[in-house]
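*Asks:* Feature annotation from TrEMBL assigns domain 'Major facilitator superfamily (MFS) profile' to 14-445. The transmembrane segment annotation in TrEMBL covers 56-76, 83-103, 109-130, 142-163, 202-222, 228-252, 264-283, 295-316, 328-345, 357-381, 393-414, 420-443 (among others).
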Amino acid sequence: MSHAPVAHADRRVILFILCLAVLIAQVDTSVVNLAVHAIGVGLHAPLPALQWVVDAYNLSYAALLMSGGTLADLLGRRRVLQAGAAVFVLGSLLAGLAPNIAALIAGRALAGVGAALLLPASLALIRVIWADPQERAHAVGVWAGTNGAALAIGPTLGGWLIQTVGWRSVFLLIVPIGLAVLGWAPRAIPESSDAQGRRVDLAGQFFGGLALTGLAVAAIVHQATLPAIAVALLAALLFVRAEHCAGGGAMIPLPLLRNRRLNVNNAVMMTMTFSMYGVLFLLPLSWQRTGAMDAFEAGLALLPMSLTYVALSHYSGAWSMRFGTRRLMVGGMGLIGAGIALLALTQAGQHLWLAEAGLFLTGVGMALNTGPVLASAVAAVEPARAGTASAMVNTARMVGATLGVGVLGGVFAASSSVGVGFSAAMVLGASVALGGALLALVAQA
């Protein structure tokens with residue numbers, strides 16, 4: 001499907017809409033960790049249920065992200081963007097109005113489905129509408145910068161809303177923004193699609209999603225750990241078999257599954273998000289459970305880390321050219337590990353200056369590592385597979401996040417006190433991050 005060229009003024013409006021789409025997904029992600037304590041109190045929910053509040057979103061997002069881009073190309077990028085906004089709004093409404101924890105978890109899962117449609121469609125629209133490479137690079141930069149803005153403003157705004165209005169407000173806030181995307185998109189964004197004989201890999205989607213679900217259940221539901229791992233392993237084997245049978249229509253072509261450099265980069269990304277999402281789940285929860293901070297104060301305490309990450313990420317490309325991608329990845333993961341190790345010494349974050357020092361190191365480490373690992377993953381494949389490689393590393397990002405919240409949250413819950421549990425979880429998180437630094441050593445080999 002073709003469309004007429006879009007005027008510059010129109011493209012500014014389009015970019016604003018696409019940035020709103022990113023904003024609702026990323027603000028939601030950055031805010032919910034501050035809300036889990038209040039949710040637990042308000043809905044009388046135990047810690048495993050609170051882990052599912054976060055991981056239901058992460059899991060559905062990770063499981064469907066690869067197919068989201070394919071659906072956008074097949075069915076129409078604007079249409080899928082609108083569908084994603086509609087699903088996200090419904091999920092946010094269900095979460096914000098949930099009478100019990102089960103309904104809230106269902107709403108979070110639905111919102112994750114919406115995000116898996118929204119974000120690939122929005123990036124695909126940029127690639128189609130901005131034909132000039134320099135203009136496209138600028139548009140992608142603005143689009144990506146919205147992620148950083150959401151990370152910076154989300155915790156502070158969310159903490160204030162939780163403290164003054166209540167936890168439901170952080171979900172309901174998303175609704176009018178999502179409705180704006182839903183209503184504005186058909187008026188401003190031209191439709192486009194590019195089927196090229198492609199189809200959705202249903203078998204790969206099913207077995208891949210089942211494998212991820214098995215891993216998440218194994219991490220959170222300790223009574224079912226062994227059966228869930230068995231299901232995950234069997235589903236993973238069936239996924240590989242399905243991709244082999246799918247041939248050219250595979251969600252992840254077999255050459256990419258065998259690409260060592262790409263797989264190592266994906267593993268580095270997983271170790272980073274495993275560690276950091278675990279920290280961002282447990283640190284605000286510990287601050288609030290011990291009475292050291294309320295939700296607003298916890299959001300403010302996270303702000304220096306967020307600002308450090310946003311400020312330094314801009315320079316990662318130039319530093320990568322100067323010092324080499326491998327050095328930045330190794331150094332970044334090493335700093336993340338060192339920062340989390342400092343957090344383990346803070347008695348559940350109560351030694352605030354030590355906690356802030358640890359968070360600062362993790363912010364620097366994420367800034368050094370994120371851009372280079374994404375670039376290295378894409379560089380590991382031929383240009384025709386760059387989009388698939390990018391989707392794979394972003395899926396790895398969300399898989400790591402899902403497992404980090406599950407595993408580190410489980411370590412925290414199994415301990416006798418908040419302080420002991422937090423320290424034990426941080427030691428494990430730091431160890432995984434330092435393992436990621438070792439992996440980064442061979443990422444370019």
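Each residue, glycine too, has its Cβ placed from N, Cα and C.
Any idea what these are sitting next to in the structure?
*Replies:* Proximity of distant same-chain residues to the transmembrane segment (56-76), defined by a Cβ-Cβ separation under 8 Å and at least 6 residues beyond the stretch ends, is recorded for 1, 28-29, 32, 84, 105-106, 108-113, 115-121, 124, 191-196, 198-201, 205, 208-209, 212-213, 216, 251-252, 277, 387-388, 391-392, 394-395, 398-399, 401-402, 405.
Nonlocal intrachain contacts for the transmembrane segment (83-103), taken as residues 6+ away from its ends with a CB within less than 8 angstroms of a stretch CB, comprise 21, 24-25, 28, 39, 43-45, 49, 53, 68, 109-119, 121, 168-169, 171-172, 174-175, 178-179, 181-182, 185.
Within its own chain, the transmembrane segment (109-130) is flanked in space by residues 6, 11, 14-15, 18, 21-22, 24-25, 28, 56-61, 63-65, 67-69, 71-73, 77-78, 80-81, 83-92, 94-95, 136, 138-140, 143, 174, 189-190, 192, 391, which lie at least six positions past its ends and keep a Cβ under 8 Å from the stretch.
When Cβ-Cβ distances below 8 Å are used as the criterion, the transmembrane segment (202-222) is approached by residues 48, 51-52, 55, 59, 62-64, 66-67, 228-233, 235-236, 238-239, 242-243, 245-246, 250-252, 399, 402-403, 405-407, 409-410, 414 of the same chain, each at least six residues removed from its ends.
Sequence-distant neighbours of the transmembrane segment (264-283) (same chain, 6+ residues past either end, Cβ-Cβ under 8 Å): 33, 36, 51, 54, 58, 298, 302, 329, 332-333, 336-337, 340, 343, 349, 355, 362, 366, 369-370, 373-374, 376-377, 380, 392-393, 396-405, 407-409, 412, 422, 425-426, 429-430, 432-433, 435-436, 439-440, 442-443.
Remote same-chain partners of the transmembrane segment (295-316), defined as residues 6 or more beyond its termini with a Cβ less than 8 Å from a stretch Cβ, comprise 30, 34-35, 37-38, 148-149, 151-152, 155-160, 162-164, 280, 283-284, 287-288, 328, 352, 355-356, 359-360, 362-364, 366-368, 370-372.
The list of residues near the transmembrane segment (357-381) in space but at least 6 beyond its ends in sequence, with Cβ under 8 angstroms from a Cβ of it, reads 256, 259, 261-262, 265-266, 268-269, 272, 276, 279, 301-302, 304-309, 311-313, 315-317, 319-320, 325, 328-329, 331-343, 346, 388-390, 392-393, 433, 440, 443-444.
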*Asks:* Could you tell me what the rest of the chain brings near the transmembrane segment (420-443), counting residues at least six beyond its ends with Cβ under 8 Å?
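*Replies:* Same-chain contacts beyond the ends: 261, 264-265, 267-268, 270-272, 274-275, 278-279, 282-283, 286, 325-326, 329-330, 332-334, 336-338, 340-341, 343-345, 347-349, 365, 369, 373, 376, 404, 407-409, 411-414.
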*Asks:* Sequence-remote contacts (6 or more beyond its ends) of the transmembrane segment (142-163), Cβ cut-off under 8 Å?
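*Replies:* Same-chain contacts beyond the ends: 15, 18-19, 22-23, 26-27, 29-32, 34-35, 38, 122-123, 126, 169-170, 173, 294-300, 302-303, 306-307, 309-310, 313.
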*Asks:* What residues in the same chain, six or more past the boundaries of the transmembrane segment (328-345), come closer than 8 Å to it by Cβ-Cβ distance?
*Replies:* 268, 271-272, 275-276, 279, 283, 316, 319-320, 351, 354-355, 357-370, 372-373, 376, 422-423, 426-427, 429-431, 433-434, 436-437, 439-441, 443
